[in-house]
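Q: Sending over a structure as structure tokens; questions will come in a sec.
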Amino acid sequence: MGLCFPCPGESAPPTPDLEEKRAKLAEAAERRQKEAASRGILDVQSVQEKRKKKEKIEKQIATSGPPPEGGLRWTVS
């Protein structure tokens, strides 16, 4: 008949250290995030450059302060 338990001479398979396991899980999570971020995008670098350029422009607008008075004029003819 079959046995439900391994032979007593065999030792349990070694389990990975907790730190190693966490590192592998972190690597896998980062890889999945990168793949998800680039899904459906043909040229990833151009998208990243556009995003950085947009953030730079927004930062310049935020640091420039409020626009000076009289910037726009409304004329009715």
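From the backbone N, Cα and C atoms, a Cβ is placed for every residue, glycine too.
Relevant sequence annotations retrieved from Swiss-Prot are reproduced here:
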REGION    1-20  region 'Disordered'
LIPID     G2  N-myristoyl glycine
LIPID     C4  S-palmitoyl cysteine
LIPID     C7  S-palmitoyl cysteine
REGION    21-33  region 'VCP/p97-interacting motif (VIM)'
REGION    25-77  region 'Disordered'
COMPBIAS  25-37  compositional bias 'Basic and acidic residues'
MOD_RES   S46  phosphoserine
Q: Determine which residues of the chain contact the compositional bias 'Basic and acidic residues' (25-37) at the Cβ level, with the cut-off under 8 Å and only residues 6 or more beyond its ends counted.
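A: Apart from its flanks, the compositional bias 'Basic and acidic residues' (25-37) reaches 44.
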Q: Any idea what the model's mean pLDDT is for the region 'VCP/p97-interacting motif (VIM)' (21-33)?
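A: Overall, the region 'VCP/p97-interacting motif (VIM)' (21-33) comes to a mean pLDDT of 94.
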Q: Between C4 (S-palmitoyl cysteine) and the residue listed as 'phosphoserine', how many Å separate their Cα atoms?
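A: So the Cα of the residue listed as 'phosphoserine' lies 58 Å away from that of C4 (S-palmitoyl cysteine).
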Q: Would you mind listing, in sequence order, the residues at least six apart from S46 (phosphoserine) in the same chain with a Cβ closer than 8 Å to its Cβ?
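A: None - S46 (phosphoserine) has no non-local Cβ neighbours under 8 Å at 6 or more residues apart.
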Q: Count the Cβ atoms, other than its own, that fall within 10 Å of the Cβ of C4 (S-palmitoyl cysteine), considering every protein chain shown.
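A: C4 (S-palmitoyl cysteine): 5 neighbouring Cβ atoms within 10 Å.
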